[in-house]
Structure formats: structure tokens, C-alpha cells
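Chemist: Next up is a structure, given as C-alpha cells.
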Amino acid sequence: MQHGKYRFIVGFLAVPLALYALFVVWPFIQSIYYSLTNWSGLSPEFEFIGFDNYTRMFQDEVFWKSLQHSLTFAVVLPLISVGFALFLAFMLNVGGRRRKGAAIAGVRGSAFYKIVYFFPQVLSIAIVALLFQFAYNPNSGAINSVLKAVGLGSIQPQWLGDPNLALICVMAVLVWSTVGFFVVLFSAGMASIPRDFYEAALLDGASRFTTFFRITLPLLWDTVQSGWIYMGILALGAESFAVVQIMTVGPNGGGPDYSTIVLPLYVYQKAFRDGQAAYATTIGVALLLVTLAFAAVVMKLGRRERLEF
């Protein structure tokens, strides 16, 4: 009977694990192998060159710039997106005025606000990047047009053309496009917290500020930690690549003067623009290690005793 149980489990897991190994694990192994060669990505012929690509990477100023920007994204974007989403979700669920028969209540029309906040998730990130590229246009964009309309015509930043502002503009777009998802996620988590906890705390004289840090955040911690890791991976991966590649200036994006270059975009440029696939996989291996380290650090720092309710 016990052997039959194990055969049943193995039968269900064998195919998914085989597919995972084929399409996820094996490409990682191939990438590490190609990073030790001089493969161009076009020719079937290549030579083994050892760690020359890694030596080159550590001496590459653009790589260090892209790493710095990617790490900035991984730290700043989750902090802003998750923090702002927590605030909005708390206001929508328990931040409204007290009503008759209820000690706590969300703001009126909270369901409508959730739809509005979630709307950017319906749009493709490429469309979002294009819309904001038009909005940031210094000559005909919506932002500078509004500044002119309110009498601030003398303030006409170049936005994406200014090396000091371009990275901030890109991060603002990523926050706008992701915060709605976390609002809905955290709202669902808060809805599962018993109202009795809040009512008892309010009867004891606790403020809304206190209930957030003493009740909401501890009971929602696992969800917050997962959201933090997810947002960090987005910031290190496809989301940052798409926004930077579409919005910013320069050959294939990343400008001006590499002020917005990030690791995924640098991998793309080296592989498809410069025909240096082996060097691109070297940077990709570095990106993999950075992503794993980020997830491990967040899980380590965020580890705490699980609270049940």
C-alpha cells in the first residue's frame, strides 16, 4: 500500500519535473557553459576561453552602471510600491469613517477605487511605456503642457533627456504600473483579518496608526514579504527591461549616457545588437546570482514567527 502511494506521487511529479528540468534548469546550465566561450550567437563554431568573459565583465564600466541601476530598482521600487499599496489598501478596507453599527469600515466606493488602481495591470507594459514616453515629451508632452497651463512655463524639464531625471522618470512609471496589483492583493489579505481584532483595539484606545502596525502588518506579513520579493524580481527582470528599452533614448535605450541602463537591457544589447552572445550570457549569469541573492536576503531579513488567526 505504501509503495503504491509513492508510485502515485512519482507518477504525478515525473512529467512536471522533467519539463521543468528541460525548459528551466537545462537553459541555466547551457548559459553557464556558453559564458565560458566566445560564441557570437550566430555561428555554430565557438571556442572555450575559460573565465575571460568574467574578467572582462568586472572591468566593464557599463556593467557596473547597469548593476547599480538594477540594485537601485530592486531596493527602491518594492519600498515605494509595496509601502504605498499597503497605505491605500488599509485606507480602502479599514480607514473610512465610523458608521452606525460598525466600529470600523472602509472608505465609501472602495470597490470602485480598487478597479481604478488595478486598471494599469490590464494594459501591456509596452503600452504603458509608450504612453508615458509621449507624456514625458519635453515639447508636446502632457506633463510640460500642464506646467505651461498652470503658469509654470519657465519650468520645462527634458525628463527622459536629462541624465539626472531619466532614472527617476522610469521608476515612476514602474511604480504606477504595479502598485494597483499590490493594492488588490493586500486588500484581499486584510479582508480575511477578523474585524473583532480592530474593534477590540479601538475600544482599548488604539489609533488607526497603531492598529496598522500592531494588527494589520503582522497578520499580513507573509503576503507583504511575497509581494516584496515579487516586485524585486520584476524590477530586476522583464518589467524594467521593457520600460527602459521603450522609453529611453540611445541605441536600444538605456540613455542618455547610460544613465538608465539596467542588467536585462545590457544583456539584450550585447546579444542582439553587438553579436556577443557569450558575453551576454555572462552578464545573464550575474543577473541570476543578483536575483537569487535579493530573494534570499529578503526572506532572511523578513523571517519571523508565523501568526495564526
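Glycine is treated like the rest: Cβ placed from N, Cα and C.
I grabbed these lines from TrEMBL:
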type: TRANSMEM; residues: 7-29; note: transmembrane segment
type: DOMAIN; residues: 67-298; note: domain 'ABC transmembrane type-1'
type: TRANSMEM; residues: 71-94; note: transmembrane segment
type: TRANSMEM; residues: 115-136; note: transmembrane segment
type: TRANSMEM; residues: 165-186; note: transmembrane segment
type: TRANSMEM; residues: 228-248; note: transmembrane segment
type: TRANSMEM; residues: 277-299; note: transmembrane segment
Chemist: Cβ under 8 Å, sequence separation of at least 6 from the ends of the transmembrane segment (165-186): give me the contacting residues as numbers and ranges.
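Modeler: Residues packing against the transmembrane segment (165-186) from afar: 69, 72-73, 76-77, 80-82, 84-86, 88-90, 92, 114, 116-121, 123, 125, 128-129, 132, 136, 157-159, 220, 223-224, 227, 231, 234-235, 239-240, 243-244, 247-248, 255-256, 259-260.
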Chemist: Restricting to the same chain and to residues at least six past its boundaries, which positions have a Cβ under 8 Å from a Cβ of the transmembrane segment (115-136)?
Modeler: 88, 142-143, 159-160, 169, 173, 176-181, 183-184, 238-239, 242-243, 246-247
Chemist: Please report, as numbers and ranges, the same-chain residues at least 6 past the borders of the transmembrane segment (71-94) whose CB is under 8 Å from any CB of it.
Modeler: 104-107, 110, 113-114, 117, 167, 171, 174-175, 178-183, 185-187, 190-191, 198, 208, 211-212, 216-217, 220, 224, 227-228, 231-232, 234-236, 240, 262, 290, 294
